[in-house]
Structure formats: structure tokens, C-alpha cells
Amino acid sequence: MRPLRADIRLDRLRENYQTLKRLHGGKMLAVLKADAYGHGAVRCAHALADLADGFAVAFLEEAVELRTQGITQPIVLLEGVFDAAEYAAVDEYGLWPVVADQWQLETLLKHEWKTPVKVWLKMDSGMHRAGFFPHNYASAYTALAQSGKVSDIVKISHFACADEEERGMTEMQIEAFDMGCAGLAGEESLANSAAMLAYPQARRDWGRAGLALYGIDPFLENDPSIKPVMRLVSRVFAERVLQPHEPIGYGASFYTKRSTRVGLAACGYADGYPRRAATGTPVAVNGRRSRILGRVSMDMLTVELADTHEGVGSEVELWGDTVSINEVAAAAGTIAYELLCNVKRAKFVYIQ
Ligand SMILES: *Cc1c(COP(=O)(O)O)cnc(C)c1O
């Protein structure tokens, strides 16, 4: 069998959840959208079921998958519904929809609810992607509150720049949120991973932990209080020695400078490893940091081997404990989120 494997350490997922909940205070949603950032939403939900105050997914189908697999905890739909008929399923499965615009609001109010619904009413506090403007927020809130169809309203907003050095934008968004919510009762939810780590004033009734739940530091600093859940590993399945001044791989983008032992590892861009990761991108061979040489192919990549202790059968960690996924993302000009979501063809091994 091809040796590419994604080890998913569910014990670490649970520890990270507890760490983040303790840090944030109040209640914590475990964000499981996009198949739990590529980790497997159903397995992650079951692993967290006895701990989590609730889960969050992007849209209805992701929530229904969890419900049909036996997940009974609250589930927030972060994008709300895409057509009015979805509210029947929201009602049936007891989901908590975000309402982010006038169309979602009006169709929710038209629906004949069997059970009053808990709505997460979204404010656009400055990101300008989704949500009611602060000056329209109170009237949307009042329409919901007076409808008789709504059990609770959670006031929610999302930050554009919580993981960036520049702090002004997030502070401005918090201020806009608080002004737009003035006098409106109910719970609040502001913080994603980066915000709960860096902005104590964004810690409200509900946190929403995604990236940090999976053990990735949004500030690219390897925060020791959270631990990577995924470890993407493969093996060297062929080795050879190349003379000086020999090219490696497609495009002959790299030439050896000296006699070099190289290994072929079973992982390529069809597995979700980024093709843009160039020569020098870190990998770990049997726990020792090394690097990729030449271009990443569809099914394999070439790594530099040190000595005769490394060769066919050596383990190659693409990311995880010795190599941070943030390093690979930086080398490929992207972010850890994208790399995690792209992993495929690997054998997923769940470790309790
Ligand atoms: C994805 C998402 C989150 C989680 O963000 P992280 O940066 O991964 O913690 C929180 N809130 C909303 C609205 C989201 O879409």
C-alpha cells in the first residue's frame, strides 16, 4: 500500500478544545466546516461530543451529515441558508442559522416554525463580506425579536484582520459592534482563533475556534499551548546518488552542487501538497529536518537524504510536529487553512 498517511490525533483535538475554552471563557463552538478543515468532521465531532458546547459548519448539508451520524449537540450554520426551503430542515434538525442579510431574515420570518429558532444575527462590523450594517442592525434584531418565531438571538460578527500585526482594524470592528448592539439583549460571539488569542476584549459569550482547535498557531509562532492534530507522513520508496551538476525533476529547476543522496517520497500535489512549494521547503526525514529538491510532482516529491541511515523506508513528515504546516504554507505562498482543506488520497488514521 502507498505509504501516505494523515494521522489525526483526537486526544490533541480534545486538549486544544479545552485549552481554548479555558482561555476564552464562556462557551466554545468547535468549527467543523470543510470536513473539519480536512481532518474529518464526523470523527472530530464524535471525539468532541462530550466536551463541546456546540459545533459550527458553513452550510446545511454539512450539518445534516453530522446529525445523521448521531451528533446531537447544537450546530450553527455560519452562512445561514441558501434557499428558503432549507429552513424546514433547520427546523427539523434543530440547527442554529446565521441570518446575515435581509433575504435570509424575511424568508426566516415567513417560515412556519414548529419550534422557535435560535438565530445568530450577523453584523458587518467592518469586514464588508456579510452581515447587517451597524445602523441597520437594531431594526433587524427587533423584527426577529417581535416575530414570535425566534427563541433567542445571538449577536455575532467576524474580523477581517485578527491574525495580523496591525491592530487598529480589529479594535475598530469591536467598537462598531458594541455601538451597533447598544441596548440589545442576548449573547454575543466575536472571536475566531486569532481573536481569542490576541484580543481579550473580543472574548464574549461564545468563541468560535477553527484553526487553533486543530493546533495551528494563527500567528505563525508555534504557540506551545496548542498542539498540531494532523501529521501528514509518507515514506521514501526509492533512493539514488546524483553526481554534482545534475538536474532533478520537472523543468530541471534544481541542479545538485555536490554529490547528493536523494529519496523519492510518496506525496505530490494530487494529494494536496502544494506544487508551489519550491526547493528548500522543509520536510523531516526520520525526525531530522531536511528539504525538498526540485519541483513537486503529481504523486511524488524528492527529498535530500543525509547519510546511509536515511533511504528506502525512512519516514518523511510533510507537516506535523517537526515541520510546522505554517512553514510549508509560507514556502508555497499560501496559508495553513488551504493546505489542510486540500489533503486527499492519504489514508486517514485516527488516534484516540
Ligand atoms: C471559519 C470561521 C471561524 C473559525 O475561524 P478560525 O480562524 O479558523 O478560528 C469563525 N467564525 C466564522 C464566521 C467562520 O467562518
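Glycine is no exception: its Cβ is also placed from the backbone N, Cα and C atoms.
TrEMBL entries are annotated by machine, without manual review.
Over in TrEMBL, the protein carries these features:
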- Lys33: active site, proton acceptor (ACT_SITE)
- Tyr250: active site, proton acceptor (ACT_SITE)
- Arg129, Met298: substrate binding site (BINDING)
- 229-351: domain 'Alanine racemase C-terminal' (DOMAIN)
- Lys33: N6-(pyridoxal phosphate)lysine (MOD_RES)
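Everything TrEMBL records as a feature, shown here on the structure.
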residue : record                       : DSSP class
Lys33   : active site, proton acceptor : helix
Arg129  : substrate binding site       : coil
Tyr250  : active site, proton acceptor : helix
Met298  : substrate binding site       : coil
Cα separation, Arg129 (substrate binding site) to Lys33 (active site, proton acceptor) (Å, whole number): 18
Helix, strand and coil totals (DSSP H, G, I; E, B; other) for the domain 'Alanine racemase C-terminal' (229-351): 20 helix, 46 strand, 57 coil
Sparsest Cβ surroundings (other CB atoms within 10 Å) among the recorded positions Lys33, Arg129: Arg129
PLDDT averaged over every residue in the domain 'Alanine racemase C-terminal' (229-351): 97
Neighbour tally for Tyr250 (active site, proton acceptor), based on other Cβ positions within 10 Å of its Cβ: 12
Packing count at Met298 (substrate binding site) (other Cβ atoms within 10 Å of its Cβ): 12
Pairwise CA distance, Met298 (substrate binding site) versus Tyr250 (active site, proton acceptor), rounded so that it is a whole Å: 11
Cα separation, Tyr250 (active site, proton acceptor) to Arg129 (substrate binding site) (Å, whole number): 40
